[in-house]
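Pulled from Swiss-Prot, these are the features on record:
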type     : residues : note
ACT_SITE : 87       : active site, nucleophile
ACT_SITE : 192      : active site
ACT_SITE : 194      : active site
DOMAIN   : 2-212    : domain 'Glutamine amidotransferase type-1'
């Protein structure tokens, strides 16, 4: 089994690579590679799309790596490969992003990415630090995870999901902020699992052993 972490020049992937490789060893999930090789992405059994920075910049970088982008889309849309989006990689699953300008996303989960606007003016943006998960729907990504378990966030924009059944978990930050989305063979995490200690590692392991 091969898991490809897609490298499209959007952030340092070292900590994510180490976390995924550790959990692949612990779960017997095979090999994990960081790659910008379209052929390797096409052959991978599951895909991970990270992302740090602004939505339009990440979208442009991803689409700018055309062979890589096409291989990823074909693997997910036509071959049904399990897919995990992390942070901006999760946001790119949306229909549209509204950071600085309107930017089309992948359109895999209907909704848009908008600035966080806490009802409590004392809450600062970006939303940075630990927050407690409110799980809204059962999903294999939550195996061994309980409501109230905390994970680590750093973001100023969040995914406003159109279909409530595709928002799998949220956190409270002056109102609900989407934490996990998913449908079919796709799941996305707004938080950084590689920075979320035991809970994040457990979710990485859950993805690596998920057979949708």
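The backbone N, Cα and C atoms fix where each Cβ goes, glycine too.
Taking only the Cα positions, the spacing between the residue listed as 'active site, nucleophile' and residue 194 (active site) is 11 angstrom.
Averaged over the domain 'Glutamine amidotransferase type-1' (2-212), the predicted model has a pLDDT of 97. Over all protein chains present, the Cβ of residue 192 (active site) has 20 other Cβ atoms lying within 10 Å.
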